[in-house]
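The annotation Zn(2+) 1 binding site is assigned in Swiss-Prot to 74, 77, 84, 87 on the grounds of similarity to another entry. As annotated by Swiss-Prot, Zn(2+) 2 binding site applies to 114, 117, 161, with the evidence given as similarity to another entry. Under the heading Mg(2+) binding site, Swiss-Prot lists 503, 505, 507. What Swiss-Prot records for 992-1001 is compositional bias 'Basic and acidic residues'. Under the heading region 'Bridging helix', Swiss-Prot lists 846-858, citing similarity to another entry as support. Annotation comment: Swiss-Prot describes 992-1016, 1057-1099 as region 'Disordered'.
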C-alpha cells in the first residue's frame, strides 16, 4: 500500500496558472505498509463470491466495481468509464494462506520467535538493547535491515526459550509454500538443556504417539512439526506488542498481516475484458485467477469434505493465491507454473512492465517522427519541419494586444492552411471551439478577445525539441528553431550529426513541440543547440564541421588560392545573411589586379565588419605540422589568428572538427559565446557546401591507380618481407629461435611475423601517399583535411591490404591444421595465414577475399555482442548516479542530503567549461596570446593618440613609460608573479599604483572613451580581481600559472642572451652589456648612427640599451601591466567556470562514462611496454571495475625498481636490478631448477636425492640454493591441507649448496616405497622461489618496472629493490584490502581512464572522480550492481524501477519503509518535477515592490515579478542573502 502525504502545487500545463480551490496535490513522501483485514474491508464496496453463468452481481465483474465500456454506468458513483476509475472489492478466504511475497519474511520470523510462547528467542538484556537501537531516529533503512539480520542470527542460535523453556529447532522451507519445525533434530547450542514441557501442543501429540508406538520415541529427531498458516497465525497473534519491532515490523503492526486472509479485488477498469478473436470476448488474466480462488474458497466452505480433500483444496487455494501474485511461481515445480498468465508481478517488472514502460517512461503528445536528411543551407540551430507535421502539432498561444491580429488571421486560416489554428479556447465562456467549419472560423475570429487561447500551428522560429534514440547523453535531445518547409523529412545542418550520432541512411528522429512558456524558456536557455556546442563530457566541441565542410575549408585556406572582386563577392553572398553587415577587407594583392585570398574569406566569416567586437587571437598546430618553423611551415601546418586576422596555416579537422579544444570554434566559443559560434559555423557550412559544388570534388578509380614506380617499390617490399618471414619460420622449425620473454617459440614466431607484416603495409602506404599530389588528388585531400579516411585506406586501395587478424592474431589453422584447404598442413607462410598482398585496386584472390571477410565478420559480431552489455552498463550507471547534484554550499549530495563530494571534481569547476586538454580550467598559452594582443592594441592606441611625433617621442623617452612598459628582468618576474598569487599587499599596491599611472598616461592623450581604454565603471580593477583569485582559486591552478611564467622567463632569458641584455637590476643600473650578442651586433651595425645618445633641445633620444630593451619587450612583453592583466583575466575566467548549483552532475557523469563504452570492443590488449603480456581491456575490463569484482581476469602488479641517488641515468644498473626484482617475484617450481631427483634405496635408508641445476639458477639470477629449497619445502609442508604435511625438519637434510635429501616420514620397509613414490610425485611442484601467487613476471621495455601477473600486492611491496611507495595493482579489491579505501578509489579512477585511453577516448577526470567517490562513500567498495545499489540506501521506487521490482516492494511493505526525500526516479514515477536544475530552488515574489511594476492581481496571476531570489526547498532566504536573481519583464 502507498500512503501519500501531499502539499499544494500547481502543475497544470498552462502558461499562466491561477490558484484553484481544488488544486492537484503533490506527493512529498511515500509510506509503504501492509493492508490489514479491516483496511481491506474499509476500502471495499462489496464482498465478491462465486457466480455461475451470466450473473454478475457480487461477482468479480459486478458493475459496482466499475465499468470498462463507454456505454455502461458505474453503479457505485454513477459515472461513465472515462470519469470513473473503479472501486475495489474483496474476497474473504475460508482459511488463511501464506503470502508469496512475504513468505521469506514469515520464515525468518518463525525462526526468531519461540514456537510455544511466541517470545523472541533473546534474553531481556539483548531485547532492551536492540529495542533502543531500532527506536533511534537516525537509523537508516540499510542499517535497520542489517540490525534485524543480526537479531535473527542471534535468535536462530537459541535452542531453548529463555521465557518458557520450550525447545526450538530449525524451521525449514519444504515444498514451495510449506514450513516445518525440526524440533528435536539439533542438539542445544545456546541456553540450558530441554526442560519438561507438558503444555506444548506438539509435545502432547508426541507423547501420545510414543505411548502407542515406542519406535516413534526412538526416532524422535526425525519427527517434524508442520507449521501450516493457521498455526503460524496463532503464533503471530501471541507475539507481545513490545517485541514486534524486533521482528522488523513497525510498532503497532501485527505480524498476522503478513498472511492472506482477505484478498482485495481491483476495480474492473484495471482488468478490462478483451477480444480473443473476431467475436469472442475473454476475461483478463487477473479476473480468471480471482474466479479460480473463488472456486477453491467455495469448495472449502462445503461441509461434506473429508480431511484429505479439505487439505488438498487448501493447498490448491494456496497455489492459486500465489499464482495471482506471480505466475512464474519461483520454487514451484514446472508443471504448476503458468508463465503465459500475466499476474501482478508480470505486470510490474521487466522492460515492458508498469515501472519501466509506463511510469519511468511515458508516451507523450505533441510529437512527431520522420526520416532525417541533411540541409547545409539551414543554420546550425534550425530544423526543417515538414509542412504536414507543422499542421498537426499545435501550441496554445494566449491572445494579447500585440498578437491580436495575427491570431485572428490564424483562426481564419483554420486547420488546413498553414499558418493556421485548430481550436480556440474562449476564456469568457470557458469552452473550446473547433475550427473545422469554415463559417465558424470567421465568427470566432471576430469574437477573439485578449485572454483567449488559440491552438496554432508550428511557425517559423518556434522552439522544438529534436531527439534521436538511443539517447545516450544529454545532447541526444536539443532545442532547434523550426523552419516550416515542404516535403516529408526532418532536415538539419550536418554539423549537428555528432551529438545525435546520426547518419542519413534511413535514420528516424523525433520532434517534440513544447507547450508552455516555462518549457520554452528552459529549452532556450538549457537545451538550445548554441548552448551545447561544447560537450559536458570533456569540454570539447561536439557540434562542429564535418566531411565536405572540412575538405572545402582545407582547399580554400591553402596557399596560392586567390579570388578577384567578383568571385570574392560571390563567395561572400553564399553565407551573407539578410541583416549581416560586412565590409570587404583590403585585397592581399593590389596590382596588377585586386585579389583576395581564401584566408581573407575566413577572416570575413569570423568578423564580417570592424563593428563586430570579436577579436580572435590564437595559435594551434594542425595534424600534419612538421615542427620546422611555425608561420613558415612548408605544409602550412601551423594556424595563427591575431585580432581575427588569419595569419598563417591551413584549416583542417583539428581546427574545425569536433574534439578540438585548440580549434577555431572552441576559442570562438570562449571569447564570443555559443550564439556567435553557431552563426560562424552556419556561415562556414553554407559557404563550403556551395564552394565545393562549384569547385567539383569527386573520387574515381583514376585517383587511386598505382603508378609503375609504386608497383616496383611494393614488389621490392614484399620480396624483402617474404624473405624475412621465411627466415623466421625456418629458425623456429630448426629450434634456433630465441623465444621472447614469457612466450613460447610458437608465440614468439607469431609476434615477430605480425610485426614484420605490419611494416609491409605501412611502408607500402607511405610510398603510395608520396606518389599522390595534394593539389588534385581527392582521396589525399580528404585524408589531409580529416574529412574522411586515413592514410591506411589509401594504402589498402592502392598498394596492399595487409595482414588480416582475428582477436589480434593471424588467421588460425582451424581446418585440419591449416587455415583453408588450399594450403598445406602446418604451413606458416604469410599467404597461408591471412596476409593479403593485393590491393583493392588490383583485386583480391579467392583466399584473400575469404580472409578479409573473416576479419570483417569479427567487427560485426563484436558490435552485436557488446550492444546489450554496454546498454546495461549505461543503465546501471544512470540509476546509481541520477540523484547526485551540486548544492548551493558547493557540495555534491544525493536527494537524501548525503555528502558524496565536498567539491565537485575536487575543485568545483564545470567540466564543460574546461579549456585545457588535460582538464585544466584555462589554456594559458592561448590566454597569453589573447592578452598580449589586447595589450599591444592598448599600447599602440596610447602611442597613436599623441597629436604630433614629438609627443610620441616624449612618451617613449618618459622614464615612467620605460619603467612601466618595458619587460621586467628575469630575476624580477617570478617573484612578482608569486607575490601577486599569494596575495602580497605590496604587490597589490604596486598593481593599483601602476593602474593609476596607466590611466593618467592614457587619459592625457584623450583616449578615455576608446574601446581599449581602462576598465569602465562597474568593472573590477585588476588588483581586486587578483586578491579575489588568491581566495577562491585552487592551489593547483595558481601553481599552473606560476609554472607558466617560469617557462616564459626562460624564454625571456634566451632572448636577452641573444640581445646581450642584462638579466639583473644591478647590471641594468650600471648599463651592463657589451652589445656583443649576435642580434645586438646586427642591430648596431645597421642602426648605429641613430642609436647614439645625443643632447638636443627635445631632450635627447633613447640609448642603444633602451632600444634593445624595447625590442625584447616587443618579442616577449613580460611587463608588470601585461602580467597583471593576464592574471586578472585568468582570475575572472576561473570564477566563471564554477559548477552552478543544481547541476545534475551525477547524470552527466554517468552519461559521460556510459556513452563512450559503446565505442569499445570486447578484445584484450597488450600491456603498455610489454608486448607479450595481454590484459583485459575494453568492455570486459570496464565491467570488472564498475562491478567491483573480487576476481578479475588478468590481475597485474606493477613494481617500479627502487632508484638510488645518482642512478637515474644508468640504464644497465636499472636492468640488473630489474632482473633481480623479477627473480624475487616470479614463481619458480622445483622442477624448473632441478637437474635430477634420484631415488636412493639401501639396506639402511631410503630417501630422494635432489640435485639443483646451478647453471640455470645463476643465469636467471635466482636466489635459490639447497638451504632455501629446504625452507620452502618445510613451509609448504606446514599447511594443514598440504599433501606434504607428513614431512618435518628431520625429513630433509642438506648435503651441499646444490644437493639435499628428502626422507620419508617413516622407514618401514613395507610402506617406504609407496611413500617415496608419493613424495616424488609432489616434490617437483613445490614453489622454491618467488611468490606463489604470481605465475609470471616481465620487465618493461624501458627496464624501470617489473610487471607481475597476479594479485600478490602485499608480498611484492615487501621485496627489496622495489619502490613500495609507487607499486600499483589493477585489482581494486586487493588494493582496498592492503592499502585502504582511498587507494582503491585512486585505482578506480586510473583504471577507468586507462580503459578509455586505450581507445583514444577522453572524458574529464571529474566525472570519474564522482563515480569513484560514489562507489567508495561508505568505506567499502560497492559495485554498480543490483546488490551495490541496494547498499547505497536508495529509495524503494528507485530500486523497484531498476531490478527485482516485487522483492523491493514486498520488503518495503514488510518493514513499513518511509521515503520522505523523493529521488529522481521517484519524482518521475509519481509525476513530480525532479529535484534538480531549475527545480532545486524557488522563485519568490517580493510583494513589497511588485505593485510598482504590475497590478497585484496580474502579479499573482502570472506567478512572476521583477525581483526574485533563490530559496532552498521549504526554506526562505532573505532578499539580502547571496544568490539574488533578477528577472526583467519584457
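From the backbone N, Cα and C atoms, a Cβ is placed for every residue, glycine too.
Sequence-distant contacts of the region 'Bridging helix' (846-858) (same chain, six or more residues past either end, CB-CB distance under 8 Å): 801, 804-807, 811, 819-820, 822, 831, 834, 836-838. For the region 'Bridging helix' (846-858), the model's average pLDDT works out to 87. Put simply, 77 is the one of the binding-site residues 77, 505, 507 whose Cα lies nearest to the Cα of residue 117 (Zn(2+) 2 binding site). Using a 10 Å radius centred on the Cβ of residue 507 (Mg(2+) binding site) and all shown protein chains, the other Cβ atoms total 16. When the region 'Bridging helix' (846-858) is classified with DSSP, helix, strand and coil residues number 13 helix, 0 strand, 0 coil. In sequence order, 64, 66, 67, 75, 76, 78, 79, 85, 86, 267 are the same-chain residues whose CB sits within 8 A of the CB centroid of 74, 77, 84, 87, the residues recorded for Zn(2+) 1 being left out.
In this structure, the C-alpha atom of residue 503 (Mg(2+) binding site) lies 51 angstrom from that of residue 87 (Zn(2+) 1 binding site).
In the structure shown, the C-beta of 503 has more C-beta neighbours within 10 angstroms than that of any other entry among the binding-site residues 503, 505. In sequence order, 372, 502, 504, 506 are the residues of the same chain, not among 503, 505, 507, whose CB sits within 8 A of the CB centroid for the Mg(2+) site. Taking the centre of the Cβ atoms of 114, 117, 161 as the Zn(2+) 2 site, the nearby residues of that chain (Cβ within 8 Å, site residues left out) are 113, 115, 116, 118, 119, 121, 162, 163, 164, 165, 166, 168. The Cα of residue 507 (Mg(2+) binding site) lies closest to that of 74, out of the binding-site residues 74, 114, 161. Residue environment of residue 87 (Zn(2+) 1 binding site) contains 22 other Cβ atoms, counted within 10 Å of its Cβ in all protein chains. Cβ-based neighbour count (10 Å, all protein chains) for residue 74 (Zn(2+) 1 binding site) stands at 22. Of the recorded residues, residue 505 (Mg(2+) binding site) and residue 77 (Zn(2+) 1 binding site) place their C-alpha atoms 55 Å from one another. When secondary structure is read from DSSP and collapsed to three states, residue 84 (Zn(2+) 1 binding site) falls in the coil class.
Listed binding-site residues: 77, 84, 161; maximum Cβ neighbour count within 10 Å falls on 161. Residue 161 (Zn(2+) 2 binding site) sits 55 Å from residue 84 (Zn(2+) 1 binding site), taking the C-alpha atoms as the reference points. Fewest other C-beta atoms within 10 angstroms, among the binding-site residues 114, 117, are seen around 117. Each residue contributes its Cα atom, and for residue 77 (Zn(2+) 1 binding site) and residue 114 (Zn(2+) 2 binding site) these two points are 49 Å apart. If you take the Cα of residue 87 (Zn(2+) 1 binding site) and the Cα of residue 114 (Zn(2+) 2 binding site), they are about 41 angstrom apart, rounded to a whole number.
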